[in-house]
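One structure is given here, and the rest of the page talks about it.
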Number of protein chains: 4
Amino acid sequence: MSNVYGTLFKISTFGESHGPAIGVVIDGCPPGLAIDEAFIQSELDRRKPGQSKITTQRKEDDVFKILSGVFEGQSTGTPIALVIENQDQRSKDYSHIAETFRPSHADYTYEAKYGVRDYRGGGRSSARETAARVAAGAIAKLLLKKHNVEINAFVSQVGDLAAPHYTTLDLSKTEDNIVRCPDPSTAERMIALIDQVRLDRDTIGGVVTCVIKNTPVGLGEPVFDKLHAELGKAMLGINAVKGFEYGSGFEGVKLRGSQHNDEFYNDEGRIRTKTNFSGGVQGGISNGEDIYFNVAFKPVATIMQDQSTVDKHGNETTVSGKGRHDPCVVPRAVPIVEAMAALVLADFLLRDKTTK
Amino acid sequence: MSNVYGTLFKISTFGESHGPAIGVVIDGCPPGLAIDEAFIQSELDRRKPGQSKITTQRKEDDVFKILSGVFEGQSTGTPIALVIENQDQRSKDYSHIAETFRPSHADYTYEAKYGVRDYRGGGRSSARETAARVAAGAIAKLLLKKHNVEINAFVSQVGDLAAPHYTTLDLSKTEDNIVRCPDPSTAERMIALIDQVRLDRDTIGGVVTCVIKNTPVGLGEPVFDKLHAELGKAMLGINAVKGFEYGSGFEGVKLRGSQHNDEFYNDEGRIRTKTNFSGGVQGGISNGEDIYFNVAFKPVATIMQDQSTVDKHGNETTVSGKGRHDPCVVPRAVPIVEAMAALVLADFLLRDKTTK
Amino acid sequence: MSNVYGTLFKISTFGESHGPAIGVVIDGCPPGLAIDEAFIQSELDRRKPGQSKITTQRKEDDVFKILSGVFEGQSTGTPIALVIENQDQRSKDYSHIAETFRPSHADYTYEAKYGVRDYRGGGRSSARETAARVAAGAIAKLLLKKHNVEINAFVSQVGDLAAPHYTTLDLSKTEDNIVRCPDPSTAERMIALIDQVRLDRDTIGGVVTCVIKNTPVGLGEPVFDKLHAELGKAMLGINAVKGFEYGSGFEGVKLRGSQHNDEFYNDEGRIRTKTNFSGGVQGGISNGEDIYFNVAFKPVATIMQDQSTVDKHGNETTVSGKGRHDPCVVPRAVPIVEAMAALVLADFLLRDKTTK
Amino acid sequence: MSNVYGTLFKISTFGESHGPAIGVVIDGCPPGLAIDEAFIQSELDRRKPGQSKITTQRKEDDVFKILSGVFEGQSTGTPIALVIENQDQRSKDYSHIAETFRPSHADYTYEAKYGVRDYRGGGRSSARETAARVAAGAIAKLLLKKHNVEINAFVSQVGDLAAPHYTTLDLSKTEDNIVRCPDPSTAERMIALIDQVRLDRDTIGGVVTCVIKNTPVGLGEPVFDKLHAELGKAMLGINAVKGFEYGSGFEGVKLRGSQHNDEFYNDEGRIRTKTNFSGGVQGGISNGEDIYFNVAFKPVATIMQDQSTVDKHGNETTVSGKGRHDPCVVPRAVPIVEAMAALVLADFLLRDKTTK
């Protein structure tokens, strides 16, 4: 009862890592939207494994198929179902975890909650499920493009290597390197760090920053469904995320009101703010300035080292990662962050229509 | 369309700062729960203004009245409506903001979204609305107490003054001082800082940390409604919040997997983890360890200084705070954080019943 | 978890028959709607007890108070809370049913489901709760009036006395008599029948017909939330309702497709149908013709006669109605049917905006 | 935004008549349920076209495939996705309706609402979509069987040929004849009537009655989500349905309370009612007696005769049915009615857990 997301632009994902397929049903996409399949595929390609030496070497092509809701290239207002078949279903790699709980994975909690689980590749808790979100997010992006909204995420930190503030960067350069950091020199050091971590048979965390430009004024709902609260929920729902902050974030607590307040001015007829500690959201509603936020990802739990654990019978044992895993999740998390942000914005775009 | 929160333990709040009353309707509270009215009042008292020299000197007693859903001291399974009348409705203080947008408040975005707003005291965007949440949260706490779950929040940071990690503190001391920090020496410095800020006619931010003990294993829903994702949304929905992190949070990104993973062991028949970087949640589901998280609050936007702004006609002007306001919001935010956490947990407690 | 109705124009009702108050919170009413309080009161007056000799002689004035969401006579887009205090809380009348299950009432099922209930006057299951719906429905009607939509219900049957088809009646005459049937001669006989039933210390059922004119083409959502399916749910949610049919209804099953199909024609540029067996809805979506439907109400369960029953301990006993009750519910049900229809239409009006 | 049904046992259907596939995602099925695929297929076979001489001769095998949520034959608590590929996608049959609105179909209203539609075979408005509901309903039935709940629907009326009351029939005989009426002599006449209607190139309506036995006491939610209100919505959401009544229904309005009330008695420790005009539901909650209701289906709109209509440009024209269509929908509607009833009951079964 937790696989449906969104109020009006509603998605319902399904699928396990090693089942026949994963997919998503989008209910509420407005009719008449041109569905650019090449764009959807390109978004999936940004997320897929095997992209570079710093991601898992597992090969999955993540080819999607549209089953419904699109007619002659346009959305019809009916549910859009997309399916991605699982090609790489080698279950043999997972026999060692059928009964053993991997540390900091979802194995134990799923077992405790449900009493049964598809342990192959993490089953439903696998990050593979996020491919369905990326596909749905691509369609949300197509809707947002019609409204001129731009969403750009990038890797702003790996371990303790941090890029400068986004306002100093050229975000069009994000895709120029394999770590997806638009600052070339930081990118180089990040790649070297991840490579070293991989050689150490270890993993490391990082931060993805997301910037949303040209949001219309007025999106978001006050009280519980504040724009930033939904963004926060959407980001915290991504595997391995440990924190979310927007605008001034945790650093902002150190400031005084006189420093932190964003004064208004009249910019040739448009009301704008001189600074943007608010991160483009005030009272839960967009004010037209850049929306920006940071998402913290923990180090990947699967490491190529022996760790102590217990099995489902309570016996103490050890477990080690096998197969092909990411040493750092953030480069592939960039399109996922964008997709979830797009889903949030598309939903609020539709919700706002009901206040007019 | 954003004033309803929760899936099964569902609350619907209403009310403006200077309207006749604020209140909340709780739909889904299980029947047979003893409703301890003195406890609800004590929670409201922890949030109310005028508690100490470091909070606003505005006096409101926040006396609630139950209109429905309770019979002979017990919940009946029907909606519980609670109303708090607004006693201090001095609208005269607010004429200066009827047409002027206060910096970093919700005035401009509400005006842009709705075209009309109750400007008195911030109307619906006033933190006064959180009293309704505290009342509802108190009932959620009563439900959780039946299941032995304990929720304790405290002030862990004001400006750059930070308390030690919660595991080194005695959380039963939180209410011993007016800043609600259980570390006496840090508390003393925090109080002095807030007092200075107040004299400077300024404001300052802070962090509230929340610790939840004895959560049953299995609460939370995977994928979108992860336990920590709902906690994040609930916290980010509180006025002035800029960030949320749980477990290792933003610091965790610097660690390696070999440092960060929480190894399991068998603690006399109960499966536990040796460390708790996971913050009590794995795969979105509680694992029985302490759940802990941090909530960042920006400095209060209302300061007693002139600031540049524009009015609703686009004219540039200045505005200054008037009346009685908090120099720092975190001492009074502690019960709000607890209330929202209780609402999240109560909801998941009910949701988990449907998987059995 | 069942006291919230609507998707975008969402209402949450609360209150028991003999508690302090009943009320409703409306979340999602668009801003800028003029809230005509006299109109709301007039709708409540159409439902209130003690209107005429054929309704209960119980006196309740049902005076409402707006607690939020309205500023200077206009909706603000924030939740509108309305409260009606219970004046006539004479609990003494109800001691005989504290432990005894009245036949065909909700006493037994509430006790079985919740284990506790406010038995006074039926508590939450009392039709008194519908006053809250009428108040909310009045606001929905105000919204619909802006879009020219007219909703008119009337009593079309009492016992086996039936009025002619609505297309032959002048619906502006509904309020001209106390039974609310616009056909004067049928009305006269209905009144006589109800009066006789009352003298017999008995009750009788009836049918309310509702006609909605000027619905924009395109309201309603296909598949599960068809316009008529939501109307059906809304009507079946009214106390004592046993059936719902729209357009040709149950009689239509006897027809052949060649008789029943509504052929289209071009009426000076507007696409219309020659007949209207469809009842204004095709494929779950309004086609611009009159929407009309019938709602069947059973005889009121409370009769002034001894009936066999059991008490909560399983002992067989007898029970008889006491106090003041309606011999026939349909005259007072007319505004309730209209209110629920208005809530359904208002909701679909907002939902339809999201497909544009 | 209308293709999701259910609160806790939530289904999301997708697919057009002539697209690649139709399907359903079930979110909320409890874990540990044995998924009997042969049973699911047998339910689909009861609905599929081409079963007998009185249904459409169109051949579709409706073979389903499970994509997720089932592991080693058991539900895992994750979403269960089922897909049925469309085999018979002969689009050539539909060119005549690409621009012409068939009378009493959804062509015009979809065009008006969405501005674009997949006209092939009715697209999303085709009854083919109900195959997805039957598949989901089969899984709901499996859950209900664990709780001993039995759901049996049958054809009780075709045109003006009506079967006797269900209490006099042997419902195990429903599948013994092709019209699915358990009364052999009535069945014979129904079959003859449908056959004649077919020869007349016409169609005819009918009624399906559904009986639910062994429902636990306490299912259903009072006020808006009454058990019978959700059943009503679920039934009215089925294509071609014009009415719903339960228990005494529309006939009950003619009775007096003294005739209609169901007196309670103690049946060896179990509280039961002597009569069952209530139809097993009191105050919106099941009382343990048989739940029974009638569903009215209009004559199929597609007839093999010329009818007047207009095209999308407003030109008056004629249209006639082509291809293979049902002369009467009720025989194939029986499993659909059962499926929707099962989905409603399963949902309330889960919801009721949250009141304990």
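Placement of Cβ uses the backbone N, Cα and C atoms for every residue, glycine included.
For the recorded site, D:Lys53 (NADP(+) binding site), the DSSP three-state label reads coil. Neighbour list (D:Lys53 (NADP(+) binding site), Cβ cut-off 8 Å, at least 6 residues apart, same chain): D:Ile178, D:Asp195. Per TrEMBL, the feature NADP(+) binding site maps to D:Arg47, D:Lys53.
Per TrEMBL, the feature FMN binding site maps to D:Arg124, D:Ser125, D:Ser126, D:Asn239, D:Ala240, D:Gly283, D:Lys298, D:Pro299, D:Val300, D:Ala301, D:Thr302, D:Arg324. Around D:Ala240 (FMN binding site), the C-beta neighbours below 8 angstroms that are at least 6 residues distant in the chain are D:Ala127, D:Gly205, D:Phe297, D:Lys298, D:Val300, D:Ala301, D:Val329, D:Ala333. D:Ala240 (FMN binding site) carries neither a helix nor a strand DSSP state and counts as coil.
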Integer Å distance between the CA atoms belonging to D:Arg47 (NADP(+) binding site) and D:Ser126 (FMN binding site): 14
Three-state secondary structure, which DSSP defines for D:Thr302 (FMN binding site): coil
Proximal but sequence-remote residues of the same chain as D:Thr302 (FMN binding site) (Cβ under 8 Å, at least 6 apart): D:Arg102, D:His105, D:Thr203, D:Gly321, D:His325
In three-state DSSP terms, the structure that D:Arg47 (NADP(+) binding site) belongs to: helix
Listed binding-site residues (D:Arg47, D:Lys53, D:Arg124, D:Ser126) that sit near chain A [CB under 8 A]: D:Arg124
Cross-chain proximity of binding-site residues to C (CB under 8 Å), evaluated over D:Lys53, D:Arg124, D:Ser126, D:Lys298, D:Val300: D:Arg124, D:Lys298, D:Val300
Binding-site residues (D:Arg47, D:Arg124), the one with most neighbouring Cβ atoms at 10 Å: D:Arg124
For FMN: widest Cα to Cα gap among D:Arg124, D:Ser125, D:Ser126, D:Asn239, D:Ala240, D:Gly283, D:Lys298, D:Pro299, D:Val300, D:Ala301, D:Thr302, D:Arg324 in Å: 45
Rounded inter-Cα distance in Å - D:Arg124 (FMN binding site), D:Arg47 (NADP(+) binding site): 17
